[in-house]
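Record features (TrEMBL):
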- 679-699: compositional bias 'Basic and acidic residues' (COMPBIAS)
- 676-699: region 'Disordered' (REGION)
- 48-68: transmembrane segment (TRANSMEM)
- 112-133: transmembrane segment (TRANSMEM)
- 154-174: transmembrane segment (TRANSMEM)
- 194-217: transmembrane segment (TRANSMEM)
- 273-291: transmembrane segment (TRANSMEM)
- 325-342: transmembrane segment (TRANSMEM)
- 354-374: transmembrane segment (TRANSMEM)
- 608-629: transmembrane segment (TRANSMEM)
- 641-662: transmembrane segment (TRANSMEM)
Amino acid sequence: PSCFGYPLSIFFIIINEFCERFSYYGMRAVLVLYFKYFLQWDDNLSTAIYHTFVALCYLTPILGAIIADSWLGKFKTIVSLSVVYTIGQAVMSVSSINDLTDQTQDGSPDNVPLHIALSMIGLILIALGTGGIKPCVSAFGGDQFEEDQDKQRSRFFSIFYLSINAGSLLSTIITPVLRAQECGIHSKQRCYPLAFGVPAALMAISLVVFIAGSGMYKKVKPQGNIMVQVSKCIGFAIKNRFRHRSKEFPKREHWLDWASEKYDKRLIAQTKMVLKVLFLYIPLPMFWALFDQQGSRWTLQATTMDGNFGAIQIQPDQMQTVNPILIIIMVPVVDAVVYPLIKKCKINFTPLRKITVGMFLASLAFVAAALVQVQIDKTLPVFPAAEQSQIKIINLGSDNASIKFEPELGQVDVMSMGSTGYMTFETSQLQSLSITSGTKTELYNTKLPGGKRHTLAVKNNETDNIALLDNVTSKPEEGNNLIRFINNLPDPINVTMGETSFGNLASLSGSNYELFPGGRQDDITVVRNSMTCSSTSKSFGFGSAYTIIIDECSGGNLTVAYSEDISPNTVHMAWQIPQYFILTCAEVVFSVTGLEFSYSQAPSNMKAVLQAGWLLTVAVGNIIVLIVAGASKLSEQWAEYVLFAALLLAVCIIFAVMAYFYTYVDPNEIEAQFDEEEKNQVKKDPDLYDKKAEADSQM
């Protein structure tokens, strides 16, 4: 059956691919934040495990291709590995349910190792599934066409690539929204089970759709795997060359010619072409090392930024959508506008030059990321070292106050209802504070623990000052805000903000910090002697900490003063767009060209080997991230970005030199020569052809 001149069966394949990519990218988008906030790993461990997972996903395709070509055939491989995949996604979803082990019902899992074990099992199954299917699905789609349908087949591959990007785009938008929902049986929190559950459901749908089309598919019998043959041929050549290493044996033109005793000339010639291309692949992993940090480092960078786009609120993991959006725009633009313009300028933009430009652009993108990081670092608070203490003064009185830090460590003046920033002192030196307010001076002896932040609230006519320990050692994560209250009234009060109750506060006392989601305003309600006052808070931005002073509550009106403890994230997430844009341009000239070039330089039956080599460069790239990030020991994130940019630039120069010496070949011509030779052989000796066919079938 056909439809628009296409075999009907390919529509099932395209829908299947869309669902599978949705499932994979959706899960990957929230993965690094799941590690960080749910499993509570630090940035470096989260990044490391993320890249290990991605590397695994790109190593397993080689396995998948061998299983399909040598044993099960493509159809059975896709079905059986999709089942593994669906189970993996389901296990992932279960691993993120905090109520699974949360007996204390405090909103965080009690038995974290169980969750870690489950999610690792889930990830391994997913890596086996996604990797195993990857080389089979597109090839299986190609199998559905007749020999004469070249045009339709190439159009199919374009639509196929589009469905990959559509799937990844939609899931990178939707999954973070699901993650940001609040859910849970006993305690409300980020909804990871939903964020992993929807991809699991789509994977199941994808499997059902694929099986539904079963009757229509053309199923080609497994032909034996070309990768295995190529490896055997190379292995034999090396072994044979080693056996004949002494001087009396004549040298051969190429080391692969040593395989000619056992393998036919055509396979050897094809293997030579493949190795020539694979040699050029050696520098490429460095590109992927940078490219795949979008999902790890760049997403973590976005968590320290301001995601307020007016009407909409962007989640840090949604910034990754910039990439698929731009891909869908850029691929046609580059093909239809940029390349023709370059051609008009009489510049010969060869595929290898395109790849070189792609590498250069990617290293630029990381320079851009480093510049953004420097801006972010300027806004980050500095916390005290182990032997330092930080003090901030809030003046609750109606007179100005002056505070001297003794012995002679300086003094500050604080206006009425004003406050200072945090001042840092060596814990061992600071002994006392002398506080002058109005007519009265008093001495306040301090014995502060080191490495902590403190707030001292002073009031002119009161004997006791309020000393608070600020239990904050880092800027609030995920753009949340920390809020606490100080009661500056003579009576005890009860304070509520939004849904959160701060309980009863005695006169001149402070509460602990509570966590609030960023970017919104909440109602503050105060009950004083059975009278209720309320007002709406100001907007606290993202990632800030504030102390709110309850100053007056009468006639239903509430007067408050704000003191900023940690400033909100001020660098806007939109500043990440330039780096994403440059990286996407790099991807368009690099990745699209890379595969085209590979296919143009090797015979058609070797495509699987090159596909495997290409995916291998992605896997190695992710392993490079692990090594560099682990070995560099750079404490500054911007410096690590610069390091990666420098490494890629160096590799780019090496690649340019290799490309300069590369001579392009035309596999079709070489194939034609062999066909010609074979015809001549058959004319001379008709029996020879049968012998050759016999030998072929035994390989």
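Each residue, glycine too, has its Cβ placed from N, Cα and C.
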Contact between the transmembrane segment (273-291) and the transmembrane segment (154-174) (3 or more Cβ pairs under 8 Å, separation 6+):
no
Tally Cβ pairs under 8 Å between the transmembrane segment (112-133) and each listed stretch (48-68, 154-174, 354-374), then give the stretch with the top tally.
48-68
Counting only residues 6 or more past its boundaries, what in the same chain has a CB within less than 8 Å of a CB in the transmembrane segment (154-174)?
6, 10, 14, 17-26, 29, 138, 141-142, 145, 198-199, 317-318, 320-321, 323-325, 327-328
